[in-house]
Structures are given as C-alpha cells and as structure tokens.
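Asks: Input: one structure, supplied below.
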C-alpha cells in the first residue's frame, strides 16, 4: 500500500502550504467538480514512480492545564501513530515555541520516524534557522520554504526512503485467486461490519489473514454467485467466532490506504444521519484516486416516506459531484438491497476497466461536436479532431485538436456525459485530457 506521511505542527507554521505543494499534482483533477469542497486534509503526492498519501493533522494549541494530549484530537493521535513517517513542522521565523516542545515530547513516544522540518527558512542561513531546534532532540532539522519550494524535494525524498523501507512487499494484483478488490468505507456506526457479514456469510470465507499489527490490512477472499472478490478491511473489523465485529475506531489512514488499494469502493452512509463533511471528504478522495464507486445508504428500513425523501435530497445536494455513481438504499441487517449493490460493483469495475477503441471514441466525439459545438473564446473556436484512450481505472480519454485551451469546463462536462452515455461508463470517474497542436504535423511520427 502507499505509505502515509503525517504533517504535524502547531497552528500557522505552514502545514497547509506544504500540504498544497506536496499534493498539487492531484488538486487539478477535482478542482472543477461542482459541490466538492476544497477544504481537504488528506491527498496524494508522487515523486517519480513513488506515490504516497499525505495527512494534514491540523494545528495543535496546547494549554497548560490540559496538556498536549488533551488538545490533540483522537483522530490526530491515531493518524500520527499509524503513519509511516511524521513530518514535524516548526516556524523558522518565530523560533522555538513552548508548544513545539510539547509536541516533540509526544512524538518521541509514538515510535514513528520523525523528520524535523524548519519552515519559512527562505533567505536565512541554516545555522541561524536550525540552532534553536536542536533542543527538541529530534536530530538535524531540515530547512525548507513550503511557499517557495526550497528544500521540499530533498526533504520528501528522504522521507520516502524511510517510508518505503518499512513497506511490506506488494501483493500480486494479477493473482488469479484474487477477485475484484472492494473497500467498504464510511464513518463509525454506519454498519460496515454488518454489511461485511451480509456479503460474506459465515460459510463463505475462503481465507482470513489476521494482521500482525494494527497498521496492517486484512484481506478477505470470498465468492458470491460464483464470482470472486477480495475485501480490503481497514475499518477495524475483527473476527469473533464465525462473524465479524467492528472495533469502532474510524481511521483516516486506514481509509485512505484502502481506497488507494481498491478496484471498487463502497461508500456506506447512514440513512438516519445527515451527510457530514467527513463523508464528503472521503468521497472526494475516492474521486481524486480515480476509483470506481458505489454508494450504499444503509438502515433504509428504519425510515418513513418523508424521511426517505429528505435523505435522498440530502444525498443529491451534498454529494452531487458523485452523480456518476449508483446509489442503493439498503438494510445490511436485513440483507435487503445487497444483490443490487453487488451488481453495481461489478458494473462499476467493468466500466473502470473498459477498453474504448479509437474509431468509436472519435465517432462519439464527432457526433457530440455536431450536436453541440464548443463556444468561441474571442475569435477562436476550439477544433476537436479525434480521441483515443490514454488509460484505464479510471478511463482516460485524450482528445486532440486545435486551440483546446479555450474549451470551457461546462463543455468538458458535456463531453464527459456524452462519453458516459455512449460507452455505459457508470460508476467510474472519467478523465478527459486535451492536447492542442497548431502544427498540423505535431501529432504525427
């Protein structure tokens, strides 16, 4: 699985700036999705062929009477303890603060590899920046400027060397004994463990690997209606007797890793609770990772007609950027709606892995343009000439032509909807990439 790097520090030391710099390559993928909040605390970065997950743990502002452990949210502590590397950020301009010492004392006890990073060091000599922070006892400080990018690449490369060294050997994704990899994600108490038992059943478990530590994943291989699946369990599920129970401990780190490792994600919501920012953040990460998605709205049997209408309206309003995914209203406890949910899992996986022939893509593009041409931008009208597939999981459609920088987001969504309709691409994000050339020979040879 992708290693996790946790960003830690008191408020206003530049964690968000560093987070944005580390994840900037991913932001553009979801920035134009209507309804998706940009206020995220986790994302993906990549250095060469090495991807990693980043968690911004928020700011710590300890007060004397409570101490640092009381000020740190449970989720923050858990994220730090489960991360592969902790990047502890301090402020080079303002120097060492009492809060820094409190945080350092806590971090030393976690046993995690810690990188002490002095931010806002632009224009300052290293000795002047670093001297005070040796007092924290966390080794040599690394001076960076998150705002300007100075020193960031070297720092993250060092962190990844440590993070990847601790990663177990990757399982073979092409192993024929493994079926579609499914991650069931959601807040605590939405019914994840109940859904697992409804899917697997007491006699359907083929293999169960008990983790060596709480930071490992559990893979459960099972069959349903003659099809093979692999459940990636990062929700704290443990087997008790012949069934699974949930240790109700929501883990951001485990959720991110399970989404990254999955072929299809089931986002489980509680019909009896309003959709939260946490639900939307998880959903946004699924889209950012390009994972196929099915939405399960659980505990549907407990609602009257009025409450059901309200729940559907809440889903449409708050998660409208997931309009490509099918929603199923289920009761995991009563095992109603599970069959249809799993059929959508199969369909979403098929759509994510679909092969789209160039002639058919180009024909669909031409028909879309003939039905509705892109708007002019000044004297220029974009010319969309042909399309081909650039990747799978999620499908990537590359469109070639002239002046494609002038294509609006609205027209891009129009094309996406046309491609979805033509090729039945339900349940998967779809990427469209434009490649302009004013040189008629640029796309040849």
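Each residue, glycine too, has its Cβ placed from N, Cα and C.
Found this in Swiss-Prot, in case it helps:
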type    : residues                  : note
DOMAIN  : 3-167                     : domain 'EngA-type G 1'
BINDING : 9-16, 56-60, 119-122      : GTP 1 binding site
DOMAIN  : 180-353                   : domain 'EngA-type G 2'
BINDING : 186-193, 233-237, 298-301 : GTP 2 binding site
DOMAIN  : 354-438                   : domain 'KH-like'
Asks: Quick check: of the binding-site residues listed here (9, 12, 15, 57, 121), which one has the Cα closest to that of residue 189 (GTP 2 binding site)?
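Replies: Sorting the binding-site residues by distance from residue 189 (GTP 2 binding site), the top entry is 57.
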Asks: Taking just the CA atoms, what is the gap between residue 9 (GTP 1 binding site) and residue 186 (GTP 2 binding site) in Å?
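Replies: One finds 27 Å between the Cα atoms of these residues.
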Asks: Calculate the per-residue pLDDT averaged over the domain 'EngA-type G 2' (180-353) and state the result as an integer.
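Replies: The answer is 81, the mean pLDDT of the model over that range.
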Asks: Counting by DSSP, what is the helix, strand and coil composition of the domain 'KH-like' (354-438)?
Replies: 32 helix, 24 strand, 29 coil
Asks: In the three-state scheme derived from DSSP, which category covers residue 192 (GTP 2 binding site)?
Replies: helix
Asks: Between residue 15 (GTP 1 binding site) and residue 186 (GTP 2 binding site), how far is it from one CA atom to the other, in Å?
Replies: 26
Asks: Counting all other Cβ atoms within 10 Å across every protein chain shown, which of the binding-site residues 12, 57, 189 scores highest?
Replies: 57
Asks: Just give me the nearest neighbour of residue 186 (GTP 2 binding site) among the binding-site residues 12, 57, 121, Cα to Cα.
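Replies: So, of the listed binding-site residues, the one sitting closest to residue 186 (GTP 2 binding site) is 57.
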Asks: Per DSSP, residue 121 (GTP 1 binding site) is which: helix, strand or coil?
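Replies: In the DSSP reduction, residue 121 (GTP 1 binding site) maps to coil.
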Asks: From the binding-site residues 12, 57, 121, pick the residue whose C-alpha lies nearest to the C-alpha of residue 300 (GTP 2 binding site).
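Replies: Checking each of 12, 57, 121 against residue 300 (GTP 2 binding site), the shortest Cα distance is to 57.
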Asks: Express the distance between the Cα positions of residue 192 (GTP 2 binding site) and residue 121 (GTP 1 binding site) as a whole number of Å.
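Replies: On Cα coordinates alone, these residues lie 46 Å apart.
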